[in-house]
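Okay, structure first, notes after.
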């Protein structure tokens, strides 16, 4: 029965051949042609050709090996095979915050951008202030929340930009900005003068103790104190700056100069705002009358940028120790406010953490003044500025026999002839961060000027920021 059915099918499929031959049988060539099976596999010549993914896998189901032959690249084969087997797991864009998705067999992998983590990059990695200052241009703090996000803020005269990171000025002459390129620094040491004591005035300090406005009589320039607390008589051991470059108008706009009753310059200072000048406590006893000049860059020339101001009140830190120069800091309240310009601008006050963790971890700071051009030399006619590297604390302590307290730090060069010198005392030590200059220290004391193996010693402002801000509120 099956044979008859097959015969009928053959007859139906080949009516022309049957009629042509007039019988049941057909020629061998025709029969072979009809019964020949078409192979799916490549012919010999096709096997010699490079694989084709369309031919190998899209026309019919293929194996991974056939796909590899088509791509001739393991990585591309894996990418294709993962989608070919079970579809593209990345088609739904599962990776958040710009993460890149890579398909797998029954799964996917997200490569997250910096700052994000999780299977789908869905979690924001909290930034910390110790890492690149939290990307803040100025101050950085950690928000007290579950994720502990970074919060940026700005010093006085600035406000946060829309990005929450940058600080933009909201005043005409913002602190810490130099409108012209700057040159290096120099330092001055107060000259000897007789002074008379005046009345004291008390104001509350941050710790509840009494802050005194004090003038004491002295006939000597300040010298660094020995470790045993007694004074030393070496006339070459003085407070100071040496070997800087000239500071042109507007390049050191926060520089202030203290003038005695004879019209002589004896110390430096830093402009903090229109009412207050920061200086060293040991400068205060150098004259019974103090005036402050700002905007000056040449002692023998009228630049028409300088103005002179009278000291109304003087605040010396209540814990200042003259024998050791500890807590060597004072503030001068001016009777007439300073008018700011492109030549006269205050330096910025930092926050303590910002000063300690960011500013003082910079390579160097800047000091400026009209100090002596070399040890026992004459005072500089021109304002000078000098870059001074921060010095490791242990190196600083090992370089001197005098006490280096927690309220001091060292800066300068071990062998180069560059340093602060006599007459620069009380002057500014500022540090630049993202084109803004912040006060980091006060020129305090040193052993000679630019001596080999010796460094300049500065009052560490971050230890006194609360005190400074408390006094500046005493208007």
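These residue numbers are counts, starting from 1, taken along the chain as shown.
Glycine too: its Cβ is placed from the backbone N, Cα and C atoms.
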Among ranges 194-215, 216-237, 238-259, 260-281, whichever one Swiss-Prot labels region 'Disordered': 216-237
Rounded Cα separation (Å) that holds between residue 152 (disulfide bond) and residue 112 (disulfide bond): 24
Structural state of residue 69 (4-carboxyglutamate), classified by DSSP into three states: helix
Per-region confidence, the domain 'EGF-like 2' (125-168) (mean pLDDT, whole number): 88
Listed recorded positions 65, 72, 136, 247, filtered to Cα within 10 Å of residue 129 (disulfide bond): 136
Per-residue Cβ crowding (10 Å cut-off), top of disulfide-bonded residues 112, 136: 136
Distance from residue 252 (disulfide bond) back to residue 282 (active site, charge relay system), taken between C-alpha atoms, in Å: 23
